[in-house]
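According to TrEMBL:
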| type | residues | note |
| --- | --- | --- |
| DOMAIN | 27-455 | domain 'Major facilitator superfamily (MFS) profile' |
| TRANSMEM | 26-53 | transmembrane segment |
| TRANSMEM | 81-101 | transmembrane segment |
| TRANSMEM | 108-128 | transmembrane segment |
| TRANSMEM | 134-157 | transmembrane segment |
| TRANSMEM | 169-187 | transmembrane segment |
| TRANSMEM | 199-219 | transmembrane segment |
| TRANSMEM | 264-283 | transmembrane segment |
| TRANSMEM | 303-328 | transmembrane segment |
| TRANSMEM | 340-360 | transmembrane segment |
| TRANSMEM | 366-385 | transmembrane segment |
| TRANSMEM | 397-420 | transmembrane segment |
| TRANSMEM | 432-450 | transmembrane segment |
Amino acid sequence: MDASESSKLSDGIEAPMWMFWKRRRYVLVFLAFFGFFNVYSLRVNLSVAIVAMTENRTIEHPNGTVSYEQEFDWDSSTKGYILSSFFYGYIFTQLVGGYISNALGGNYVFGVGVGATAALTLLTPLAAHGGFGWLIAIRALEGFFEGVTFPCMHAIWANWAPPSERSRMTTIAFSGVFTGTVASMLLSGVLADTLGWEWVFYILGAIGCVWFVAWMLIVKKSPETDPYITTKEKEFILATQKRASSATAQKVHHPWKAIVTSKAVWALIVASFAENWGFYTLLTQLPTFLKDTMHFELQAAGFLSALPYLALGCLLSFAGYLADLCQIKRWLTTTQVRRYFNCGAFLVQTVFMLVGAFILRPGPTITCITIAVGCGSFAWCGFAVNHLDLSPKSAGVLMGISNTFSTIAGIVTPIVSGQITANGTDDEWRTVFYIAAGIYLIGCVIYWFGASGELQPWSIEAQEGREQEKQHKKSAFVNAGMVLDVKV
């Protein structure tokens with residue numbers, strides 16, 4: 001069943017799209033959106049809070065004299081290591097997240113990953129006062145739990161997302177990443193200025209804990225195990241995915257050799273790394289850049305840091321809908337959608353990062369950064385969805401592999417940026433942006449020549465091989481029974 005046929009089938013048997021609460025898969029999308037909202041609000045909060053934690057504060061003494069002091073006297077290099085520490089733990093659970101999701105259910109793994117991160121966020125102020133070593137440890141532990149979230153969500157989509165709705169469902173849920181980033185940057189600046197930086201972690205951590213309870217009560221592993229789904233919706237999802245209705249989970253066997261030697265997989269990995277290098281460079285460094293180099297106050301720096309991600313969040317749902325429409329109307333093949341959307345976005349990002357760095361003035365530079373980050377929404381319709389095209393049954397593992405390499409970008413770029421911008425000069429910051437632009441361009445070239453949107457032969461062969469093995473064992477068992485009967 002192709003995309004256009006499944007779309008017509010969906011329109012004929014289900015409630016209108018805007019009545020999302022009557023479609024269980026869109027209830028899942030709604031809660032996944034807020035799940036990723038929490039994932040990134042808990043990840044980003046320190047980027048703004050650390051500015052308040054290390055800024056020079058004016059102290060007026062009773063005798064009329066004035067002095068300045070920092071609550072935490074951390075230099076640029078130390079802040080770089082603290083900001084990258086989240087990824088020290090994050091990198092270790094990428095493959096694990098995809099693997100255990102197939103065994104336990106992606107819904108449980110995703111819920112526990114976000115819930116544990118929220119609980120640890122509440123302990124962040126205590127860790128910071130204990131010393132930057134404790135802060136690094138608690139952030140690394142947060143990353144360890146949060147590392148499972150993206151891989152296991154792909155395992156959830158493999159069960160719940162019809163092929164004609166993959167881009168739409170995935171990008172709507174992933175837009176929570178950027179909405180959470182915007183909200184966290186805005187709220188963190190306000191909370192740090194009014195209540196104190198500690199409340200950044202208390203309030204955002206509490207919101208994450210409330211979401212955890214709702215997710216665990218409502219979301220189920222698959223349509224077959226959801227008691228509230230309508231028969232028509234369940235049959236539609238199973239029919240479009242060509243799966244038989246069965247509550248018994250089958251063990252998934254991944255063709256590891258074929259995966260690690262696949263050109264399409266490596267193109268996906270490079271694209272994911274390139275997008276995340278630029279993303280994490282701005283995510284961790286933009287508040288500091290705006291305050292120290294562009295000379296904005298903390299609240300203004302938090303607001304302006306949120307603008308690029310506001311643009312990204314607004315455009316992502318549109319980009320996902322457009323990507324699905326191109327497939328449904330047969331304007332483009334799946335491979336063309338992935339390639340054109342991803343590489344077109346990378347080219348735009350390269351150009352505007354270069355222009356913004358060259359000009360390096362508040363208005364034009366912020367505009368260029370906003371356009372560059374916003375156009376990343378089209379790239380997400382390429383590499384971020386591509387795992388499901390190549391092999392739905394191994395999508396969680398593929399996401400784990402690609403996100404492992406993306407996490408290396410998250411570890412390295414804050415440290416590199418911290419070392420480069422030790423003095424905070426304009427030329428130092430230009431170098432940071434030029435590096436990001438160059439990596440975007442490399443990702444564009446490699447993904448253009450290596451990308452594929454088709455189900456890979458190794459995915460089909462692995463499944464057929466398992467079926468043949470089962471048939472062989474069954475035949476052998478039957479034949480053995482016949483021999484026993486003859487002997488008796």
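Yeah, the Cβs are placed from backbone N, Cα and C, and that goes for glycine too.
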PLDDT averaged over every residue in the domain 'Major facilitator superfamily (MFS) profile' (27-455): 87
Positions whose Cβ lies under 8 angstroms from the transmembrane segment (81-101), at least six residues beyond its ends: 43, 46-47, 50, 74, 109-110, 113, 132, 135-137, 139-152, 154-156, 284, 395-401, 403-404, 407-408, 410-415, 418
Range from 108-128, 134-157, 199-219, 264-283, 303-328 with most C-beta pairs under 8 A to the transmembrane segment (397-420): 264-283
Interface-richest range of 26-53, 108-128, 134-157, 264-283 toward the transmembrane segment (366-385), CB pairs under 8 Å: 264-283
